[in-house]
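Here's what TrEMBL has on this protein:
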type: TRANSMEM; residues: C:12-33; note: transmembrane segment
type: TRANSMEM; residues: C:39-59; note: transmembrane segment
type: TRANSMEM; residues: C:80-98; note: transmembrane segment
type: TRANSMEM; residues: C:118-137; note: transmembrane segment
type: TRANSMEM; residues: C:149-168; note: transmembrane segment
type: TRANSMEM; residues: C:188-211; note: transmembrane segment
type: TRANSMEM; residues: C:223-245; note: transmembrane segment
type: TRANSMEM; residues: C:274-297; note: transmembrane segment
type: TRANSMEM; residues: C:309-329; note: transmembrane segment
type: TRANSMEM; residues: C:341-361; note: transmembrane segment
């Protein structure tokens, strides 16, 4: 051989080109999966529903009045099997890397059948930071079937809703798959999952006509959250409680507080624009002591009571009202979780691990009673910055006094 | 070869002091070409011949010299006197001209071929060659390939003498040296080797001189042929010498410590040695403000990378790594590709090859329509292809972008390497995705690290990293900070200028 | 292509090669998993333990400037034992090259190209390695110089992107030393010392012969050890704070999992193929260095210029990479149980120590030093 190196190299190149490519997939043969829903199956253990995007409908050029996504279900003994066999109905290779939403039905959660999450974690196509929710009062597959005129693919719409819900009011915990798995891994922390439900008529909701009405027939809305013990659902928390949980966890930034301002039947509303939470735990004398201190910045959005907002003392009084209200709320939620569910969704155990490692090691095997027994102290510091672009409200102006016997008819002449 | 060797031997024998025998041999050698003129002159029994090539000489000058020979003012004989040597005779008659005295037949013929008028007299052992070069030449005009917005706009022409003067006018230093040689057996092209004594490293000059001396070939028509002969490696697609039409490039290169090679008959001169970074620089960088110069340099590097990598990256991401594309973009791309019959690779190849064909066609077409054909043609054909459903929109954009980025490179030969390698990378991308592309890039980089240009590593200033040279590689520091010549060339005189006075705290304005 | 007869490396090139080498596969694979949250402490201790090794090796090579450890072994221990040990080192280096190669193939198959056969990935990578080895040590030095800034940039970029995605949670590192020093010390000897710390003196053993001023080799070695360890610690701290110690231990390729979580600016998501390919540069360099070390040893034994071995040996390495372990689990077990005790310790510590003592004794009369301990 005259040039052994060169011939070797040529044979390598030939080998490459002649033998074919293994991971080569053309886009025409693929379909993007945007959402996956898992229910309990009728004939088999799991029923998996995929929402697949129809790309022609998403770009403005090729719109032809069809639905932007297609939903298909299949049942199987395991989620993996169902996913693989989904091609009995759908003609393309599924691309799972762009999944935005994983929905689990309440049934599955109650029965604790969440072991398929291991598949999601180790498969390279599924992302760990995909949004993970459960349904409350509807089967999971229905949530993927409701269309909406603004965001046409239902998975995308639900995700946008959740993100905004978290930002604007704190109504959704925005749990990702990863958070759930981390909580599962922890010795003491219990998982929490956001919940959604379908309102309205599902049959009408999954048609193109749903998008053409002013008032859609069916809508998916946020419904609080579900508390778990390990992988089993214990119960639900309302939207308000969910917000308080987020507050304790320090994940809440903005929200709105509305409560009575002192005069009967009158309300005041405050926009919380910034809040920060500090937590301390201490285990002494056989009892866990939890200190939660929250400080918030707010401004008054609307005040029905007659309060002079230009007076410093009044502002202080309002601040104290806010503090009292919030402490009440938060203590109430923590108490509820402690006593009704006995599940440490807040992560106080992990905090103890950091602050008193040895003590934690002793207690972690039997954490529920410790958590249930714990002494919780909540301290809120509220700060009212301003009241919008006006100071005193025009509502303060006392109405004119009308003489009583001047009751003229209001009919025109 | 042996025939020419024998001939050479005969030709190297000294001249016979007989005009008639000279005449006989010359007429035999030149045959009956129409442009060879030979006239006999005589003076007191002394015979002489005047010969020249009509096409190589300035006919007016011939007339003047003929006049000079006719009238020898003092009435003295214009033929050689007894025992007078050719040199004395020459300086007597032609007082103001720089004469040459060929002593062998070969030299006589060389001089005639180079446009001299040769006079042979009986009794003289040397002939007298009078320089009367002329003939039509192109005037000095703007460069066609390396145009600048701001800066000198003269370019080399095909005449080596003009070119030499263009360089000499820029470097008015006594240290600038021109060394002549003649290469090419049939073309006998004049080559000049330029360098600056005292700056250029002697080893580099010797090496270049030696390599030029080793060239044995029939014809040298362009500096490209020289390049092929003296380059360190012919197997690489990357050029190892810089060719340029611009005298200021050559002058700049010489001052940095490089050698230059001028070739008669072509406006393209060569600079050696070079490193890869020289292919990303233009002399205009030095005439503009250094902020913009640095910015444009970065654009050139990025454009080169795009021209090389973009199609391969696109193919690999579209076929292997769909997760890299943001979801909305992916949906758009999928919608575009609906109904397209070919796999992405085939699309890429089709479009790229079409673009190459258009590009070549644009060069050959007559000036008036040439420009419009290449760019507009590409876009129009691309658009039509999209409408017909043969390719997707995204591919047209990718290919046009690649083509445009290719034009950004200041050196045509360097850009050609990107044109070639990009196809290799597309194939690798189609087989193994981004992994294949990256392997290709690693191979190219490994190949580059092994290249040398006249012994200087091709990737100098980057690997090995020479800190002092960084003032002119990726960024261009302002002139007053540019104190040293590039160390990669190991010049003899390193410092160009001293620290400017404003940095030294002395009063007085300006640098140097 | 003119290849110079005598090859040289500059000190900076040696430094860069060593740092990139240390980062090469350690960035990707889990380091210090037994120390859980305090893996970074284990690394610091490991680095301190590695310093005497570096000092020892550079002292030995300084005695014989321009000679690699192969020739030193042959000179000191005679032809037969010397050659035997050299062959031992050759097998060691080539096996390590195959081991890193297998790591890489597993990572590609897991994360990027699941269906492509391991043979093809191995084969193509080794062809490139063969080319680089053929081009020689200077090329490796220069390529390290070229790629190192990008690897540094990429590490910084990942840290920044993780910050921007809000995934970094420094609480995961607390409490420090919660379980005391004992598990950390157990982890360092032999695991952390074997990989990645102990591989640095190995490089010095051969490559120090190529730098011009051999006495500066010690400085370069220590600086490289320090810098490489520092960058590794950043990577490990990042891994723990994002994945938690438990998640890191469970992940086959922790940095990859970290990169998967990056999600900012709406479009910078799912970028792990890019991360894989940047890691590939480091791994490629590491495999090339190991191969060239092994091939140099072969040259010392059979006196044939090492370039001739580049292609066949590279192919053998690829082959070993694929067949040496039946599955990834097997591969990991071999790497954590078998490799440190039976391979790393002898070749990194025992044999150099013995050689050191012998040389010390040999040169004691001329040096006049008495009673130097190991």
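Note: Cβ is positioned from N, Cα and C throughout, glycine not excepted.
Segment contact is absent for the transmembrane segment (C:118-137) and the transmembrane segment (C:223-245), given fewer than three CB pairs below 8 angstroms at sequence separation of 6 or more.
Between the transmembrane segment (C:149-168) and the transmembrane segment (C:274-297) there are at least 3 Cβ pairs closer than 8 Å, counting only pairs 6 or more residues apart in sequence, which means the two stretches are in contact.
Outside the transmembrane segment (C:188-211) by six or more residues, the chain places 7-11, 14, 17-18, 21-22, 25-26, 31-32, 34, 42-43, 45-47, 49-50, 53-54, 56-58, 61, 65-70, 93, 96, 137, 217, 220-221, 224-225, 228-229, 232, 289, 293, 296-297, 335-336, 339-341, 343-345, 347-349, 352 with a CB less than 8 A from a CB of the stretch. Counting residues 6+ beyond its ends, the transmembrane segment (C:223-245) has Cβ neighbours under 8 Å at 14-15, 18-19, 21-23, 26-27, 30-32, 36-37, 39-40, 43-44, 46-47, 50-51, 54, 152, 155, 158-159, 162, 167-173, 196-197, 200, 251, 254-255, 257-258, 261 in the same chain. Away from its own ends, the transmembrane segment (C:12-33) comes close to residues 39-40, 42-43, 100, 103-104, 107, 140-142, 144-145, 147-148, 151, 155, 187, 191-192, 195-197, 199-200, 203-204, 207-208, 210-211, 217, 220-221, 223-225, 227-229, 231-232, 235-236, 239, 248-249, 251-256, 279, 282-283, 285-286, 289 of its chain (Cβ-Cβ under 8 Å, at least six residues beyond either end).
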